[in-house]
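So that you can see what the record holds, here are the features copied from TrEMBL:
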- Gly163, Glu164, Ser165, Gly166, Ala167, Gly168, Lys169, Thr170: ATP binding site (BINDING)
- 911-945: coiled coil (COILED)
- 1310-1406: coiled coil (COILED)
- 1166-1191: compositional bias 'Basic and acidic residues' (COMPBIAS)
- 8-60: domain 'Myosin N-terminal SH3-like' (DOMAIN)
- 69-759: domain 'Myosin motor' (DOMAIN)
- 1488-1768: domain 'Dilute' (DOMAIN)
- 638-660: region 'Actin-binding' (REGION)
- 1032-1051: region 'Disordered' (REGION)
- 1166-1192: region 'Disordered' (REGION)
Amino acid sequence: MSVTELYSKYTRVWIPDPEEVWKSAEIIKDYKEGDTVLHLKLEDETTLEYSIGPKDNPLPFLRNPDILVGENDLTALSYLHEPAVLHNLKVRFVESNHIYTYCGIVLVAINPYEQLHIYGEEVITAYSGQNMGDMDPHIFAVAEEAYKQMGRDEKNQSIIVSGESGAGKTVSAKYAMRFFATVGGSANDTSVEEKVLASSPIMEAIGNAKTTRNDNSSRFGKYIQIGFDRRYHIIGANMRTYLLEKSRVVFQAEDERNYHIFYQLCASSSLPEFKDLSLTSAEDFTYTSLGENIFIDGVNDAEDLVKTREALKMIGVKESHQMSIFKIIASILHLGNVEIVSERDGESCHINRDDTYLNHFCRLLGIEQEQMEHWLSRRKLVTTSETYVKNMSHAQAVNARDALAKHIYAHLFDWIVEHINKALHTSTKQHSFIGVLDIYGFETFEINSFEQFCINYANEKLQQQFNSHVFKLEQEEYMKEQIPWTLIDFYDNQPCIDLIEAKLGILDLLDEECKVPKGTDQNWAQKLYSKHSNSGHFEKPRMSNRSFIVVHFADKVEYQCDGFLEKNRDTVYEEQINILKASQFQLVADLFHDGKDSGPPSATSKSSKINVRAAKPVPKGHNREHRKSVGTQFRNSLHLLMETLNATTPHYVRCIKPNDYKESFVFDSKRAVQQLRACGVLETIRISAAGYPSRWTYPDFFNRYRVLMTKKDMTIGDKKQVCKNLLETLIKDPDKFQFGKTKIFFRAGQVAYLEKLRADKFRFACIKIQKTVRGWLQRIRYRKIRKSAITLQRYGRGYLARRYAEMLRLTRAALICQKQYRMVQVRREYLRVRRAVITIQAFARGMFVRRLYQEFLLHHKAMIIQKTVRGWLVRKKYLHARNAAIVIQCFYRRVRAKRQLKQLKIEARSAEHFKNLNVGMENKIVQLQKKMDNQSKEYKTQNEQLIVTNTALGSEVTKLQKELETFRIRQTAGTQVTSLQEELEKLRVELQEAHAQKKQIEEEFSNEKQGLKQRVEELEKENTLLKKEKEEMNRRIQNPTQGQGGDEPQKEIRLQVELDEERQRYQNLVKEYSRLEQRYENLQEDLSSMKFHPGHRRYPSNQSSLGSDSNYTSISMSEVGDTDDTIQQVEEMGIEKAAMDLSVFMKLQKRVRELEQERKRLQTNLEKVEELSKRKGNEPKSSMSEEDKNADLAYNSLKRQELETENKKLKNDLNELRKAVADRASENNSSNELQEGYNLLLNQLKTANEELDVRKEEVLILKTQIVNSTRQSENINHIDSNDVSDWTNNKKPVDAKDTVDAHDLKKLLEAQLQTQSRQHKDELEALHTQIELLKDNLEKKQEMLDHFSTLSPEALVEFSVQQEITRLTNENLDLKELVEKLEKNEKKLKKQLRIYMKKVQELEVSQATRSRPELTRQVTVQRKEKDFEGMLEYYKEDEALLVKSLITDMKPNVVSATVPCLPAYILFMCIRHADYINDDQKVHSLLTTTINAIKKVLKRNNDDFEMTSFWLANTSRLLHCLKQYSGDEAFMTQNTAKQNEHCLKNFDLAEYRQVLSDLSIQIYQQLVRIAEGIMQPMIVSAMLESESIPSLAGVKTMGYRNRSSSLDCESGGPAGYTLQALVRQLGQFSNIMADHGLDPEISQQVVRQLFYSINAVTLNNLLLRKDVCSWSTGMQLRYNISQLEEWLRGKNLHQSGAVATLEPVIQAAQLLQVKKKTSQDAEAICSLCTALSLQQIVKILNLYTPLNEFEERVTVSFIRDIQNRLQDRAENNQLLVDTKYTFPVLFPYTPSVLSLETVHIPASLSLDFLTRV
């Protein structure tokens, strides 16, 4: 292609410009070879004649086509030169706000000077696992490339971040480390990644400062090595630092600051712990006020110090060491304020003894003030023979003081870095590492000194390494593609490096001059001039003899020689150092001892040392500590760094500072070009342009340029051959392109030429289309005109014919109208005459009828008068007779009343009186009276038994006395008497014990009775409260609030949202627990694999089988009443979550304490009863214990039922009130409203009466409990009587004292019976009193009702409704708490009863003669005779085999042909049998083992979707079975009668239901995770990359995208998936879940979550990829989404909510397709994209890329218009969608229609040991 073709008319070029560096222009006249002028037109329409010369002014650079502008990769540009690079960066930065751009292997990062939301967790997730180039350029892409290559190539990596101050190097390095900390997080709890991130604020505080270019400039270089283990988890890190700018400690330029830590301490000097530092404002210290500005806008130094201290604490620096560090830093500030006074002679100086700053300096460092004062103004000179002490001048003393301050700070800096390394060090073997180098870029200032020389020297070395690496990569790429290549001539800066570091180089001469006693900077400069004047990289300035120029790779830099020697020596006097070594503070002394001895250790451990002065061994010796120059140290450390970098695979990040004013998104072209030249970006472009910069794969090239092919070429099947034929035809020069194995390589400019040919082809096609269309339009216009003329003629002729026809019709119509008019006139006259005649007749007939009616009416009235008079006479006679009879009856009745007066007075106090007063209580009182009679009879029976016993006892005592007297006569010896006395003593002791036990039982009875009384009082109070609250509700019911009906849906929606959020929080906790549990097990496995300990060792994982595998403990009723644990749990939850207010919380605590006391009392009572039973026998014990517990259980059950009934009634009342309010709101008649309000109040009165009846029934229940307690006392009395009878049967003699005790016992029993009788009478009176109170209450309610009737309905209802709602809420909460406590107490008592009954059963079994197997077989035989009850029996020892067969070894395909969820049914049938035989241990063991086995199976198959789905179905089915057969009415509504018979009888497994629910949540989360992991690689390829619509997508060059170094060579790159593959995978998931019997609701939730994942991954990739943001991709995406919707409809899953999750990506596809030009388009986009955030919309518009030149780009003004329209939209600032978000799962209750007795167990399961019961 000739030059004439390139520089033709309308071609755009770049010309130099002094202000904008490069300016765009357009050629307006074709160029011909030999022309000296090129005619151009600038963008402002001005013309320019551009001079062209073969040497001085060559042809200008060509501009790339617009379609290539804004590319992600600069190497994708067709024309590679400086203006193209600059323009592309400017367009991306200013117009699209993209700060990252690739330039081959280099990432160019431009500092935006603004916080961007592109570094969140979701962005890290999006870039993790992606190839470099697949996504938009980002620092995370470079970090991911390094991380991936480390794992793939097993080679260490390095990320080199460079740039000038203020370009953002530190921030880029920080984000890279954050990526590694997130992706390669440590596998244990060592939190190494947190420590790595915590090192950043520490290093910024001690190593960063404000400069004129940057507010947070790093004044040192650092190289951080992040170590990884074999699993590529972070295990540690190490940091090396380079060339700390120590001079900043003592000097700062104008508007600059010292290191941040000084200002942080001064800002926090008012803190109590810093009082001892004696610090004030930073303005008061010399070292912090030289810059004259101690503040930074937007920075709070005090807050930064808090972050620094937290970071120090994170890495393990103790508070004491922190204070020591702060003391050393404060001492440096005080040292700078030490005043050195010059003597008169000018040759010496001194320091005042009372200098406070020197005092503070010495005090803070713990050194002697006199010695430091002496040696700050003097120095020691040592010769071979003598030692001299010489005074220093003022200037020398000031320099020595500043040198000491710098030396102290440098050693402290090194100590902190070393401590950070110790904190990040790990003993685990490091497998590989990734290094992050944050180092200063090339610097050139007006005055350049030693620091700039070292920095530029380091950049020369790095640039050399960069050039060689780029060349190496290019060479490898050509070799892999097997194309011929030649050596590329690139800039080699080795001569410049030799000038600096070679023998007799600049550094060597500098060290030599430093060794000369009288060496000066000027002498050193003269040596440089004489040695290197002939070097091509060294120049001498014309106007100066104290500076020199070095020609660096980036620019020429002039260095001032002043200060080079002093900075290179870094002199600190040994006497001052020795004083510091003798400090009384250990840290201060260690700083400088370590500095002296740091030479030898650093040689053995290079990677662990940080100080550059320790790069090589330093020999020990007198006065040699500081002899090694700084330049030599820096050169050695730099060589070590280069060795490390050369041994790793480097990745480059070049940071660019867009402007010097720190303005956001402002691009200064001059400053940018300087940095691009200095950082090597343009060198990369030059190397790329020298070879084949443009690369296309064969398929992409075919799809892009097939429009240039002929039909014959299209018929060839080999696309590679087609491409070759096309290029050989289009490009005649074979050197302009090369064919590789997978790609086509083009020289610079060839792609632009192909684009020009493609555009010309399209332009020719467009012209042809336009010609054809315009002719077609003209033909259509002619046909329309001809057709219109014919139509007009037809319509004209028709109009004339219609006019003639109309005239004929009008004539005929006139005749008809005349005829009809005449007929109407005659008919009207006839009808008028007829109506008159009829009217006259009607009036005449009416007159005659009215006369006849009046006559009949008079006769009727006369008859009524006669009837009334006759009736009055008869009634008068009757009343007279009746009054006489009444008088007679009254006299007779008075006589009878007098006779019955006495009898009535007697009966006035009986129960009949109350019966007359209150008929409603008659039956209850009769029952009570009957009970009293029965009790009296029992008392009489007991008295008779006592009389019989006393008589027998008396006769026995008499016999014993006679026998005793006889025995005394016969036996005079005293031995027998002694034995009898001992026997009597034993009897007395036993009698006393019996008395004590009886008293205890009586006390317990009285306590229980007192408790019942208190409960009655509490219930009365609650009743009163209910009444009052109901009255308030009645007041409010008459005034319903407006708009209440409209708020109900909103409240329901809000409550539903809160419920979903709460469910999601809970499931996230379950997910986090599962993750921590898995992490703990992994640590246990790692520990066991690393070290084996013989013998059994008990770990937390096997202490409790259920405790380690679930969130809940096993069912242990003994722990229910633990008050302390309960209170602790409530405190942990928080008071607001534990209860709605403080009163409820106090009630909870009080009730817990009461239950604890109750438990302890019952436990003590149980122990005593057991002791008594052992002594007296088994039968009394059992009966008493059973009655006691039955009484408690009866009470608890009745109370719970009563509370539930009350709660239901209250809810019904509330519903009635609401219904009344709604009905009243619909009515308008006020009278009807009053009547309805009155009726409603009457209903409330009836409800209150029903409540009173409930309270009365409660009183009867309490009386029943009293009777039961009385029976217990009777049993005790029987025990006592049995004891007495035993004594009477004893044949041994007793004395008179024993007889008296027996009589006392009898009296005591009688007194107790009388006391109990009195108590029952008192209780009866209390009941009467309660009846009176209830009656009074009823009267008050009636009065209140009358009062309410006088009020207005509106004022009555409003207050009542509000109070009633509040009361019902609190009451429901109290009732729930009370019911829960009662249920727990009931469970506890049940378990105690079961334990006690077990003991009795074991005792009976031990006495029986039959063995257990015989009993079991006998029971089994009896059950086999019955029908199968849906239970399976197994032995305890077969439990492991059962779990192994059903869970551990179960395969889903084994039971695929049977009933779905068969293992769940079998396990539940085994649980039913354990419940049937009342074996709680068996139930507990089976459920615990089942849960643990399921967890182990899922852990073993953590990536098997089929197995996870199988156990999710079975776990949820087992949960549903536990609910369906629990016996709860809420779960029994859909059961059959047979299923209700199969309900559990003995155990409440509610806690296990919760455990299974949590397990189901964990399995669901694992299922979703597995499915998402399978689909993740398919989503992007299927949704965005595959061509579902063939030949639609256009392809653009991607530069280095998919280059060989970024792909896995073994796998050949990522596999391509089609949409059909994704749909097939979804169908496979759906079929597996359906085959396993998973509930359809759960399957729908799984599909919904998977579709959310598809939406999130697709949208995130769309937001991070410029190549897919085009119109064709939007069309493909819409088609793919429609296919997914079609699949949902085919699977009947369209109601699952999955389509709603795709709404964001649907709107994104629509956004890519709509027009984006006018304000109407902006309005349409705002109304369309409601599911997308503003940031996402702007990002898509910025990324939108036209596929050809006929499509326009989105303008910046249009994007600003969108932002202005949507700026008020409330949304978060998150750009990407959270891919880890999980919808809260809901397991709806779905009972099984399958009856358990019909379940068939296949023989293939090998469950022969199970017996059907």
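A Cβ is built for glycine as well, from the same backbone N, Cα and C atoms used for every other residue.
Each residue in Asn111, Asn214, Ser217, Ser218, Gly441, Cys655, Lys657 lies on the same chain as Gly163, Glu164, Ser165, Gly166, Ala167, Gly168, Lys169, Thr170 and has a C-beta within 8 Å of the C-beta centroid of that ATP site, without being one of the site residues.
The number of other CB atoms found within 10 A of the CB of Lys169 (ATP binding site), across every protein chain shown, is 27. Neighbour counts of Cβ atoms within 10 Å were taken for the binding-site residues Gly163, Gly166; the minimum is at Gly166. In sequence order, Thr211, Arg213, Asn214, Ser217, Ser218, Tyr440, Gly441, Glu443, Lys657 constitute the residues six or more apart from Ser165 (ATP binding site) in its chain with CB-CB distances below 8 Å. Cβ neighbours of Thr170 (ATP binding site) (same chain, under 8 Å, six or more residues apart in sequence): Ser200, Glu204, Asn208, Asn216, Ser218, Asp438. Counting Cβ atoms from all protein chains shown, Ala167 (ATP binding site) has 25 others lying within 10 Å of its own Cβ. Gly168 (ATP binding site) has a Cβ environment of 24 other Cβ atoms inside 10 Å. Confidence for the domain 'Myosin motor' (69-759), expressed as mean pLDDT, is 84. For the domain 'Myosin N-terminal SH3-like' (8-60), residue counts in helix, strand and coil come to 0 helix, 24 strand, 29 coil, using DSSP. Sequence-distant neighbours of Glu164 (ATP binding site) (same chain, 6+ residues apart, CB-CB distance under 8 A): Arg213, Tyr440, Gly441, Phe442, Glu443, Cys655, Lys657, Gln675, Ala678.
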